[in-house]
Amino acid sequence: MKTRTEKDTFGPIEVPEQHLWGAQTQRSLHFFAISTEKMPVPLVAAMARLKRAAAKVNAELGELDPQVADAIMRAADEVVAGKWPDEFPLSVWQTGSGTQSNMNMNEVLANRASELLGGERGEGRKVHPNDHVNRGQSSNDTFPTAMHVAAAVEVEHRVLPALKALRGTLAAKSAAFYDIVKIGRTHLQDATPLTLGQEISGYVAQLDLAEQQIRATLAGLHQLAIGGTAVGTGLNAHPQFSAKVSAELAHDTGSAFVSAPNKFQALASHEALLFAHGALKTLAAGLMKIANDVRWLASGPRSGLGEISIPENEPGSSIMPGKVNPTQCEAVTMLAAQVMGNDVAINVGGASGNFELNVFKPLVIHNFLQSVRLLADGMVSFDKHCAAGIEPNRERITELVERSLMLVTALNPHIGYDKAAQIAKKAHKENLSLKEAALALGHLTEAQFAEWVVPGDMTNARR
């Protein structure tokens, strides 16, 4: 393998010639060959956007040669566009400040910008990773800034659109099935009737609440640490740098980014990310409930509840011919569990800051962005391959309503709780219908039963 010599404050080190990274990235690859998790692509893109904004602002403030700034910006644009995916190989499991990933970006942009200026990589380059690309910055403020940018952009452009689409599908199903009377269930036991549309409307409301809660967290994610530099004081950064870079990032992404009012907090803790992920966890809990309900309602096809049918997408068993499983529901429940686990890790990371810096940053953003991707992709898949194809099995629904003992609840206002309970118990013990049991006990007439026990009237859907 052909190499070139790169140097940092520890001295020279050989770097593969074909790569744009430099000495500090190479050292990180050597010392942190841990597991397979790499820095998430959205974080890399956010860091490149930040470096682009910083170069532009530094040039405007007279802190950086305009030609050098332009080359850095062009190099950063290439990274954002996905041109150099193999240049960011570092493990999540590295320094807790993300310093090595910040330097990975600085080195790649410095070498690429040097090439764009007609120079070369390595010692003879025209752009320096620290003096130029990292001008007015520290890993301690750039990495948390990139964390917030990546988190906000991914939530706004992935999670919320997927949530809205699934919500729309379920709302349409709720409206279409609003007059289908079915038996309700509490404690996994028969309860009073409702309509299938009413039941699904509960799912829609869950998603509405989740969206409201997620949107309420965005203001915190929009506050950026940039300008705090090493410990929050802003040492070596131009006084206008923070506000201008935040405004540039807002313009670049379309998100409402602003400079965080207190940089000490922005470096030392991650409440905004904890709060936001808490809302994602709540969405995960709702999705788990919805997916579980759907697979129970579709259970069967001949020995389960069987009240609804869902799409049959693929064979379900390697031994049982013809078996089809609720695989989309299972995928959603698994990813929801993973998001809940991620929340625990993020909470531990968020609680583990010391003095002026939290050093669990890579852990926090790795888990956050994994949750975002799981939720967004999971909702898109569940919507397309399951929810859109939900159909009622009307005959089965009617059969279960007519067999339910809990219709007896409609008699409470007319004959009282105790007599109604006698009817239900007699019907259950002797395998009678409610009507047969009621007439046998003499608590009401056939006409009264027909007038008082009307499942549709018990749902309030017709009022």
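Any Cβ shown, glycine's included, is placed from N, Cα and C.
Fair warning: this is a prediction, and the values are worked out from it, not measured in the lab.
As recorded in Swiss-Prot, the features of this protein are as follows:
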BINDING   97-99, Arg125, 128-131, 138-140, Thr186, Ser318, 323-325  substrate binding site
REGION    121-142  region 'Disordered'
COMPBIAS  121-134  compositional bias 'Basic and acidic residues'
ACT_SITE  His187  active site, proton donor/acceptor
ACT_SITE  Ser317  active site
SITE      Glu330  site 'Important for catalytic activity'
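Taking the features listed in Swiss-Prot, we show where each one sits on the structure.
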| residue | record | Cβ within 10 Å |
| --- | --- | --- |
| Thr99 | substrate binding site | 19 |
| His128 | substrate binding site | 16 |
| Asn130 | substrate binding site | 15 |
| Ser138 | substrate binding site | 25 |
| Asn140 | substrate binding site | 27 |
| His187 | active site, proton donor/acceptor | 6 |
| Ser317 | active site | 10 |
| Ser318 | substrate binding site | 7 |
| Val324 | substrate binding site | 16 |
| Glu330 | site 'Important for catalytic activity' | 13 |
Across every protein chain in view, the count of C-beta atoms other than its own within 10 A of the C-beta of Ser97 (substrate binding site) is 21
Residues in the compositional bias 'Basic and acidic residues' (121-134) per DSSP class, helix first, strand next, coil last, are 8 helix, 0 strand, 6 coil
Among His187, Ser317, Glu330, i.e. the recorded positions, the one with its Cα nearest that of Ser138 (substrate binding site) is Glu330
Rounded to a whole number of Å, the separation of the Cα atoms of Ser97 (substrate binding site) and Ser317 (active site) comes to 47
One should report the C-alpha separation between Asn140 (substrate binding site) and Ser317 (active site), rounded to whole angstrom, as 51
Ser318 (substrate binding site) falls, by DSSP collapsed to helix, strand or coil, into coil
Listed recorded positions His187, Ser317, Glu330; those within 10 A of Val324 (substrate binding site), CA to CA, turn out to be Ser317
One of the recorded positions His187, Ser317, Glu330 has its Cα closest to the Cα of His128 (substrate binding site), namely Glu330
For the residue listed as 'active site', the spatially nearest of the recorded positions Thr99, His187, Glu330, using Cα atoms, is Glu330
Smallest Cα-Cα separation from His187 (active site, proton donor/acceptor) among the recorded positions Thr99, Asn130, Glu330 is shown by Glu330
